[in-house]
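Here is what TrEMBL records for this protein:
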- 1-22: signal peptide (SIGNAL)
- 34-81: domain 'SMB' (DOMAIN)
- 119-382: domain 'EndoU' (DOMAIN)
Amino acid sequence: MMKFLTLVTICVVMMSGSLVDAKPSFRQLVLGKADDSCVGRCGIAGTDLTKPCQCNPSCQQYNDCCADFLPTCNTCEGRCTAGYDSKWPCQCTPECSSYNNCCPDKPDLCGGTGGGAVTDAELRALSQQLHIDDVNAVQGIVLNMQSTTTSGSTTDKAPLPLFSSVPADAFSGPTISALLALFDNYDENVKVTEDVTPEEIAEDNAFLDAILATSVMQQAHQFLVSKGLADADIAVFKEYLRQIWLGQYNRGGGIEGSSGLEHVFLGEKNGNSISGYHGWIKFYQDELAGRMNYLGYMAKIDLGVSSVIEMPMNWDGIYKSISSISVSGSPEIELAVATVCFLARPNSKCPLQGADGTAYAYQTYTLDYNGNTYVGSAYPTY
C-alpha cells in the first residue's frame with residue numbers, strides 16, 4: 001500500500017508540472033542534476049521528462065528552468081520573425097527597443113527596427129568606410145582640451161577656448177560652405193515661427209545637392225536602398241532628406257519653429273534651456289564671438305581625423321549639463337551616419353566606428369508631427 005501511494009504521489013506531482021515557491025522541481029530531485037543545462041535546448045516545446053530541468057518558455061512559470069536558462073536562452077536564435085511572447089526573458093520584435101527588453105543578440109541576428117535587417121557589424125563597417133572616405137573633413141584642427149569636468153558642474157575647468165587653431169581654409173569646402181549659408185536662415189528661439197523665403201529654399205537645395213554629390217552620402221544611400229530603407233531614386237531620397245532634416249515642426253506651444261538640422265547643427269533655445277547643439281562648426285563660431293564658454297570635457301573619443309567630445313556647455317550664459325560634438329567631420333559624414341541610424345536604429349544607440357576602428361555610437365530620436373516623422377535629435381556618443 002505504501003509503495004502504491006508513493007507512485008501515485010510521484011505521478012500527481014509530475015503531471016502538475018511544478019512545485020510552487022522557488023524550490024527545485026520534483027524532476028530535478030528525482031532525476032538528479034545530470035544534463036542541467038539549456039545548451040542546444042532553448043525553446044523546445046513541451047516538457048522533457050528525461051531531463052532534470054526545462055528550457056521551454058513555460059519553465060519560469062513552473063519554476064523548473066535549468067540554471068543556465070537566462071544566460072543561454074536570452075537569444076533571438078530562431079525567433080527573429082516570432083511575435084511578442086511574455087514567457088520569454090527577452091524579445092526579438094521590432095518594438096522591443098522601445099520597451100528595453102530586446103535580446104542581446106537581436107541586432108546581430110535580426111537587425112534593427114524600421115523594416116531592414118541591419119546588423120551591428122554592418123553599421124560598424126559602413127561607418128568606418130564613410131569616415132575613411134570623408135574627403136571634406138577638416139585636417140589640422142588643434143584642440144586645447146584642458147581639464148576634465150563632470151555633468152552638472154558649472155565650474156569653469158577650462159580658462160582657454162577649446163579650439164586652439166583652425167586652418168584658414170577650413171570652411172571653404174563645398175559642403176561646409178553650403179551648410180554655412182543656412183546658418184542665418186534660422187531663429188534660435190524655438191518659440192519663433194521660421195519664415196522660409198524662396199532664397200532660403202534655394203540654399204536648402206544647394207546644400208542637399210552638395211552633400212548628395214559626395215561619395216559619403218552616396219554610399220549611405222546605396223546601403224539604405226539595399227536594406228529597403230530608402231528609395232533608389234536619388235530625387236526621391238533628396239526630398240526625404242529635406243523632410244526629415246529641413247522640414248519645420250513644433251516642439252511645443254503650437255509654433256513651427258524647429259527642424260532637425262537647426263536642432264542638431266546649430267542648437268536651439270527654449271526659454272532658459274539649450275536644446276540640441278551638436279555641431280562643431282557652430283561651436284567654433286560662437287566661441288570666436290564670445291558666445292560659447294568651454295568649461296572642460298567629460299570624455300573624448302579619437303576616431304582618426306575627427307574626435308567626439310562630451311561636455312557641459314555655457315551658451316550665451318545658458319548652461320547645459322551635457323552635450324556632445326564631433327569635431328573635424330564634414331556635414332555629409334554627420335548627416336550620413338545620423339540618417340542611417342535614424343532609419344536603422346531609431347530612438348536608440350547606433351553602434352559605429354571611426355576611420356581607425358575606434359567604437360562610438362550615434363543616438364537618434366524621432367519626432368512625429370502632422371503625420372510625418374522628423375529627426376527630433378541626433379548626436380554622437382559612446
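Every residue gets a Cβ built from N, Cα and C, even glycine.
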Within the predicted model, mean pLDDT of the domain 'EndoU' (119-382): 95
Within the domain 'SMB' (34-81), residues counted as helix, strand or coil by DSSP: 9 helix, 2 strand, 37 coil
